[in-house]
């Protein structure tokens, strides 16, 4: 079964292919907003509509397949930017009608988790999902991912991106801020807001800008900002590990590329005797492969829709989605691991 995945939730339009549960490849292009500005949803949508047919042709040609080979189309139905989501959905619907194949709506955040589980050979981990649009800790229980802590306002990636934009470091903000932080000679105290297991990052950005405008050297502000942001994550992750007793920690989402954060989380893993597994860089950001992979498992469990009944949801909580395929992926992990261990 060949599944095409369509990702268009924010600044990236990407298509991915999965054949019988194996990722074949992906291809995408990212909308870059004007310098000093955030994402303009309608401009991102215009970008996606222009690049979609080009990426589709290039992806098929790269793998020597034709459109008629596609059996299922999975698309990111949310959460995300409304105009951008609709472009991906329209593309998926039109192609499904033309090819006469079913559609599978996929939750973008769950797709991040599933591709991380798949690529790190993890079965039942505690998950830290961190990106421009997500900051949460989750674990599987009773048919769904249950959230053990999340941001109360903006996601960590968005918070750092906003700071980077305001101080002229460009987009994406996380690598730019971390690069700037390398030349810092000290740290300054930052307020860290943790309420129970939940986090607040909006105030962190505001405080960082206040420090910078008051004359604190930019590298010092950058270093202090990322250290505070990451140690907030580490604290709530430690608590969740202690509560859930999970033996694996999987880190998913674009911010998982951060080498500094990896070091902090690996230290947490050593303290708790937990294996820390981080999604490979190529699947950390938004990508069509994660949509295709999740769509593949969902379709096998009977989840599908028609073009007429397909939908998009700008706001869609991760813990509202049933995951009937959860242990199917576990079986795949066990099979692959045991195969690799054979002499």
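Just so you know, glycine gets a Cβ as well, placed from its N, Cα and C.
Counted within 10 Å of its Cβ, the other Cβ atoms near residue 286 (Fe cation binding site) come to 27, all protein chains included. The feature Fe cation binding site is assigned by Swiss-Prot to 108, 112, 286.
Secondary structure at residue 133 (substrate binding site), as computed by DSSP, is coil. Close to residue 133 (substrate binding site) in the fold, though at least 6 residues off in sequence, lie 9, 10, 79, 80, 108, 109, 155, 157, 158, each with a CB less than 8 Å from its CB. Sequence annotations record features per position, and here Swiss-Prot assigns substrate binding site to 129, 130, 131, 132, 133, 161, 178, 258.
Of all the binding-site residues given, namely 129, 132, 161, those whose Cα is no farther than the 10 Å limit from the Cα of residue 112 (Fe cation binding site) are 129. Reported as a whole number, the C-alpha separation between residue 286 (Fe cation binding site) and residue 131 (substrate binding site) equals 9 Å. When the record's substrate-binding residues 129, 130, 131, 132, 133, 161, 178, 258 are compared pairwise by CA position, the greatest distance found is 19 Å. Taking the Cβ of residue 161 (substrate binding site) as reference, residues of its chain lying under 8 Å away and at least six apart in sequence are, in sequence order, 38, 132, 171, 172, 173, 174.
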